[in-house]
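Annotated in Swiss-Prot:
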BINDING   110, 111, 112, 113  (6S)-5,6,7,8-tetrahydrofolate binding site
REGION    307-326  region 'Disordered'
C-alpha cells in the first residue's frame, strides 16, 4: 500500500485521516497547524487532526512555515509515496508539493472550478446553490487550480445548514479520497484540467459576514443564517443588545411598507416576523448575547421584542477562530 504523508487541520480533515487509517494505509507523518489559544483562558488547543494523529501514535509536525527548506527536507526523510492535503491552512510551495514522488492530492469541498478558496461550504449556501460536492485534485502552486481527479456531487436542501453540509461533505470527501488513492496506486487516476469558465472564489469568512443587513432580501438573509449555523452565527442588534439568529423562515411581509429590521408580527407558538428589504423573516430560534440558545417564542414571552421593535446591523463582531481553523 502507498505510504501517505497527511496534511490537514480541522475536523473536516480529521474525517479523511481516520478513513485512511481505517483502510490500513500507512501514514508516515502528519503535518498540521500549530496549537492555538482557545476559550477565555487562552489555553492552547490542538487541532482535530493532531488529536487523531496522537491517538494513533503517528509522528506530528507543526511548522509555522512549511515553505522553509529545512522543514521540506525533514518531511522528505519520512519516505512517503503520496501526500494528501485536506484543509491544511497554508499555501504549499512547489518544493513542498514534490515531497512525495507521486505528488500531492487535495480534497476540496466544492465542484471545482466553482468556489475555489477557503470557505466553499458556507459560500455555496450563502449563494443559494442547490448543489455542491467534493473534488479530489492534483495540486499545483495555484489556489485550487490543479487538475481534477475524481468528483462526487451532493445536493443542498432548502433547509440545509452549514454544519449539516460540512458533515456530509466530510464523509463523502473521505470516501472519494480512498477511491482516489486506490486509483493513484493502480496508476489510472484521471487528470482533468479545470475549465476556464465558471470560476468563483470562496473568500475566507470575515466578521462582517456575520452581520445581518435587514435591507437585503429575506431569501439572502435566510441563506446567510443557515450557512453560518452552527459557526460562527449571524447577528443583529436590538433593544437588548446583540442577538444571534439561528433559525428562521422566509415569509410574505404582512406590512410591506415597514422599514427593514422592524418587527411586524408576533406569531403564536412560532416566533416573530421581521421586515426585510424584500419579504420578511419569521425568526424561530435566537441567542441573546451571553445566554443560551432559545426558541423565539420564549424570547417573545420574556419581553425581548414586540411589534414595532427595531433591529439594526451591529458592528462587525470579534470572534475566536473555530477549532482547527487556519
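Here the Cβ of each residue, glycine as well, is placed from N, Cα and C on the backbone.
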Extra residues within 8 Å (Cβ to Cβ centroid of 110, 111, 112, 113), (6S)-5,6,7,8-tetrahydrofolate: 108, 114, 115, 116, 120, 133, 135, 144, 148, 194, 198
Fewest other C-beta atoms within 10 angstroms, as judged across 111, 112, which are the binding-site residues: 111
